[in-house]
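Here's the structure, in structure tokens; my notes come after.
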Amino acid sequence: MNDAAGRIAAARRVTVKIGSSLLIEGEDVRRAWLDSVAEDLAALRAAGKHTVVVSSGAVALGRGKLGLKRSARLDLKQAAAAAGQPRLMAAWEAAMARAGIPTAQLLLTVEDTESRRRWLNARATMEVLLREGALPVVNENDSVATEELRYGDNDRLSARVAQMIRSDVLILLSDVDGLYTADPSREPGAEHLPFLDAIDETIEGFAGGAGSAGVGTGGMRTKIAAARIARGFGCATIIAHGHAANPLRALQHGARATVIAASGSPAGAYKQWIAGTLEPAGSVTIDEGAVRALAGGKSLLPAGVRAVGGVFERGVCLRVLDPAGREVARGLSAYTSAEAQAIAGCVSAAIAERLGYSGPDELIHRDDLVLV
Ligand SMILES: Nc1ncnc2c1ncn2[C@@H]1O[C@H](COP(=O)(O)OP(=O)(O)O)[C@@H](O)[C@H]1O
Ligand SMILES: N[C@@H](CCC(=O)OP(=O)(O)O)C(=O)O
């Protein structure tokens, strides 16, 4: 299944990145086009797929609003982003409301995607939004980012977002229908590449090395960098043309694109990430029945917990120990240490009464658990 349509059909979670050039014309949003994207996103939802959008456009809209000229100066870009972001979100909000889907805004920085704690918090927010049927619309928090610590391009940010929500597919909508052997706007003879199973130096060379066509805009280079990140955690990347109406539907109907395959699956990579936690924040000791349940692929319920070690927040990685103190698993805790202590040994039906509020039935959900 090397075509974009097949990948999208099989995906459970999809991240879509939309560049400024698609969204904005002159100084305003291409509203009719955005309505068509909203329709496509609603169709993905109706097909049971969880979708997140990474949308550029704040800087371009803010420039128009403030009457600023194009400039490479970071402070001017930051001011433009601050002025343009509300306009960008207003456009998304209006388009998605017409499609019957509530939107939510997340502004992320490099730090949010690099620090484990902030990552987990952003992820938890995203999960609730997806569960509640909202469309998270993400952009870089340009106004607080620094020169040394900013993505600067939403291609790589979208790969991190795809990782955060465990997307199977990352769709980069651009003004070109994929990767060519050279920049097609400069070399008419350049060949289109429909499918890549790996990213090597030759491929990176196509996307424009230093001093060649890609410099300045980010161009294909940041898209290949994004595909490389996505590939590493089990997510395929699709680079596609997005300028015409209903660009996602067009892809689902076989429009030409470049597909870059993933290595492994998002779930596998996620579990590797959990297993690779250097310093788990605490531990839970479980009884024999729970050890058997985990070995059988079940979640860890509070009923099987005998003791809780350490002081920890929700979402952190815990060691799961058998009655003899041997580590049998690792997983992300759905509760804080204080809560875990309060509900240890407790049947699921009694959790709400014990805590005074309701919470998940599982202390560690099987999706967040890996046997060691
Ligand atoms: N090998 C290549 N294949 C396709 N496009 C390329 C290649 N090298 C450079 N490009 C350029 O990259 C552009 C897309 O990047 P960019 O303008 O940054 O898009 P976006 O705004 O969608 O992020 C294309 O219009 C094309 O001119
Ligand atoms: N965060 C910036 C967008 C940065 C970016 O990657 O732009 P683009 O190359 O148009 O996708 C903004 O909202 O204007």
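Don't overthink the numbers, they just go from 1 along the chain as shown.
Glycine residues also receive a Cβ, built from the backbone N, Cα and C atoms like all the rest.
Predicted automatically and left uncurated, TrEMBL annotations should be read as such.
Annotated in TrEMBL:
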BINDING   Lys17, Ser174, Asp175, Thr217, Gly218, Gly219, Met220, Arg221, Thr222, Lys223  ATP binding site
BINDING   Ser56, Asp142, Asn154  substrate binding site
DOMAIN    282-364  domain 'PUA'
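Ranking the binding-site residues Lys17, Asp175, Met220, Thr222 by Cα distance from Ser56 (substrate binding site) puts Lys17 first. Counting every protein chain shown, the number of other Cβ atoms lying within 10 Å of the Cβ of Asp175 (ATP binding site) is 11. Other than Ser56, Asp142, Asn154, the residues of this chain whose Cβ falls within 8 Å of the Cβ centroid of the substrate site are, in sequence order, Ser20, Val54, Ser55, Gly57, Ala58, Val59, Ala81, Asn139, Glu140, Tyr151, Asp153, Leu157. The binding-site residues near ligand 2, defined by a Cβ under 6 Å from one of its atoms, are Asp142, Asn154, chosen from Asp142, Asn154, Met220, Thr222. Binding of substrate is attributed in the record to Ser56, Asp142, Asn154, and the widest Cα separation among these residues amounts to 11 Å. Each of the binding-site residues Lys17, Ser56 was scored by the number of other CB atoms within 10 A of its CB, and the lowest score belongs to Ser56. Cα spacing between Asp175 (ATP binding site) and Asn154 (substrate binding site): 15 Å, rounded to the nearest whole number. Note: the domain 'PUA' (282-364) comprises 26 helix, 23 strand, 34 coil (DSSP; helix = H, G, I, strand = E, B). Summary for the binding-site residues Asn154, Met220, Thr222: the Cβ-based neighbour count within 10 Å is maximal at Met220. Cα-Cα distance from Asp142 (substrate binding site) to Thr222 (ATP binding site): 17 Å (rounded to the nearest whole number).
Within the set of binding-site residues Lys17, Ser56, Asp142, Asp175, Met220, Asp175, Met220 have a CB atom less than 6 Å from some atom of ligand 1. This prediction places the mean pLDDT of the domain 'PUA' (282-364) at 95.
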